[in-house]
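Visitor: Before I ask anything, here is the structure I am working with.
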Amino acid sequence: MKTIIALSYIFCQVFAQNLPGNDNSTATLCLGHHAVPNGTLVKTITNDQIEVTNATELVQSSSTGRICDNPHRILDGKNCTLIDALLGDPHCDGFQNEKWDLFVERSKAFSNCYPYDVPDYASLRSLVASSGTLEFFNEGFNWTGVTQNGGSYACKRGPDNSFFSRLNWLYKSESTYPVLNVTMPNNDNFDKLYIWGVHHPSTDKEQTNLYVQASGRVTVSTKRSQQTIIPNVGPRPWVRGLSSRISIYWTIVKPGDVLLINSNGNLIAPRGYFKIRTGKSSIMRSDAPIGTCSSECITPNGSIPNDKPFQNVNKITYGACPKYVKQNTLKLATGMRNVPEKQTRGIFGAIAGFIENGWEGMIDGWYGFRHQNSEGTGQAADLKSTQAAIDQINGKLNRVIEKTNEKFHQIEKEFSEVEGRIQDLEKYVEDTKIDLWSYNAELLVALENQHTIDLTDSEMNKLFEKTRRQLRENAEDMGNGCFKIYHKCDNACIGSIRNGTYDHDVYRDEALNNRFQIKGVELKSGYKDWILWISFAISCFLLCVVLLGFIMWACQKGNIRCNICI
């Protein structure tokens, strides 16, 4: 029985070797491109989902969880807000004259001095934050006739009653509080920021005890502006044992201008000025820890890499950051259209070209050749067309990043309740900008993906046409990305086709002769496969009949015994 099976196998192998297409006088050369078993889906202008061999994610969706201290100078506010550090709250004395690129305010920050409010809090905070320094210069104001350096038990500096270190609380001297009229010129060539305030006592008695007059007034003027504040006497909610308040105001004095302060009571006077600097410093609210690392882009969630053009970590950023978009993912095609290779190529192992499917396992190039000739089969990459495609795709990601990365920061906006309508408008504008950028990002990526796929398809077609021009009438286009070569073409011949040195004149006569001989006996392609399968089926049927007849004859002669058990 084993002998019969072995003979049958040998018969089929011989039969297969004699099939058309296995003639040693011809060869098959196929062109193809790289493919992978599982590609990546990307979006193009014409297709929402198209599979490519490789793609790069463009949206940064996670942070490091910490704020990197390099290359930006980070100042951790710890328990202090920027305004408390500016005013000189006793527990913020460590921030005097500090500098920063980014001031990080913590949610745990608190005030620990006299209760105050800042009518234009957001503007003052933004102004000081962008200046990037708390550098302070004392000036010799002349406050004749009043007592200086007032303090409060609500503002302890050590065991002693104290006050904001950058402000001077003035109150009556003996039983008088004269009208104060003090000037301070700006003879320097930079802007000066003066912080001052108005005290609002909780009762009329407190008002007269401190300032004699039943109603005070504070006027601060420059050549460009004037502010007059009338104190509002009356009780307020208790904070740190006090129901009185201080309102904080600020004035910028330009070079050559003069600061004029006029008051008959309730003045919280400046001790000097802050030097206003122009720069790109900023402030951010975050509870992320500050770590030793390097990152150009910072968000409240922590630092993020800026090697991608988009991010959806946070709208608030500082530094050179990817553009914020709503999408969680945007994939940029960095490979060609993926057509996974078919695992079965028929019973005789035929090869196929790029029109049918891609080729898996081409690790040394994107485009290449497969051949079948008298010496067997082989595969080689075409490095020139591969490099042409890669050169055009390389740098695509960098170009997208250059178009989208912000070289500035986006700070959070703060508004008082009075500015609610402005806040709503600002939110609408920001949301609209994000919607537009999200749409633009998706469109940009889709356009780039379309270009990449068209480009890689074009390189494949260029290689195919180049090969066709070399072979001319020596080969026939089989319609699947392959050529049937009508002359004997060994591996050296195949190599000359690949490297562009093939001389079709050398093989022209042989190819024409073989073409006419093969065409003379070759059936039309519409019937060839049917005849092949029918002849194979008949051969197998006859083989089975012969085998069955032999078994029956052997049983009759007693050479084979068959036992049937029930």
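The backbone N, Cα and C atoms fix where each Cβ goes, and this holds for glycine too.
Just lifted these from Swiss-Prot, have a look:
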{"type": "DISULFID", "residues": "CYS68-CYS293", "note": "disulfide bond"}
{"type": "DISULFID", "residues": "CYS80-CYS92", "note": "disulfide bond"}
{"type": "DISULFID", "residues": "CYS113-CYS155", "note": "disulfide bond"}
{"type": "DISULFID", "residues": "CYS297-CYS321", "note": "disulfide bond"}
{"type": "DISULFID", "residues": "CYS489-CYS493", "note": "disulfide bond"}
{"type": "CARBOHYD", "residues": "ASN24", "note": "N-linked glycosylation site"}
{"type": "CARBOHYD", "residues": "ASN38", "note": "N-linked glycosylation site"}
{"type": "CARBOHYD", "residues": "ASN54", "note": "N-linked glycosylation site"}
{"type": "CARBOHYD", "residues": "ASN79", "note": "N-linked glycosylation site"}
{"type": "CARBOHYD", "residues": "ASN142", "note": "N-linked glycosylation site"}
{"type": "CARBOHYD", "residues": "ASN181", "note": "N-linked glycosylation site"}
{"type": "CARBOHYD", "residues": "ASN301", "note": "N-linked glycosylation site"}
{"type": "CARBOHYD", "residues": "ASN499", "note": "N-linked glycosylation site"}
{"type": "LIPID", "residues": "CYS555", "note": "S-palmitoyl cysteine"}
{"type": "LIPID", "residues": "CYS562", "note": "S-palmitoyl cysteine"}
{"type": "LIPID", "residues": "CYS565", "note": "S-palmitoyl cysteine"}
{"type": "SIGNAL", "residues": "1-16", "note": "signal peptide"}
{"type": "TOPO_DOM", "residues": "17-530", "note": "topological domain 'Extracellular'"}
{"type": "TOPO_DOM", "residues": "552-566", "note": "topological domain 'Cytoplasmic'"}
{"type": "TRANSMEM", "residues": "531-551", "note": "transmembrane segment"}
Visitor: Can you tell me how far the Cα of CYS92 (disulfide bond) sits from the Cα of ASN499 (N-linked glycosylation site), in Å?
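Guide: On Cα coordinates alone, these residues lie 75 Å apart.
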Visitor: According to DSSP, folded down to helix, strand and coil, what is ASN142 (N-linked glycosylation site)?
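Guide: Assignment for ASN142 (N-linked glycosylation site) reads coil.
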Visitor: If we check Cα distances from CYS297 (disulfide bond), which of the recorded positions ASN142, CYS155, CYS489, ASN499 wins as closest?
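Guide: So, of the listed recorded positions, the one sitting closest to CYS297 (disulfide bond) is CYS155.
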Visitor: Under a three-state reading of DSSP, tell me whether ASN79 (N-linked glycosylation site) is helix, strand or coil.
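Guide: DSSP assigns ASN79 (N-linked glycosylation site) to coil.
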Visitor: If you measure from the Cα of ASN499 (N-linked glycosylation site), which of the recorded positions ASN38, CYS68, CYS293 is the nearest?
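Guide: Of the recorded positions ASN38, CYS68, CYS293, ASN38 has its Cα closest to that of ASN499 (N-linked glycosylation site).
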Visitor: Restricting the comparison to the recorded positions ASN79, CYS113, ASN181, ASN301, CYS555, which residue's C-alpha is spatially nearest the C-alpha of CYS293 (disulfide bond)?
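Guide: Nearest listed residue in space: ASN301.
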Visitor: On average, what pLDDT score does this prediction assign to the topological domain 'Cytoplasmic' (552-566)?
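Guide: So the average pLDDT across the topological domain 'Cytoplasmic' (552-566) works out to 65.
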Visitor: By a simple count of other Cβ atoms within 10 Å, which of ASN79, ASN301, the glycosylation sites in the record, is least packed?
Guide: ASN79
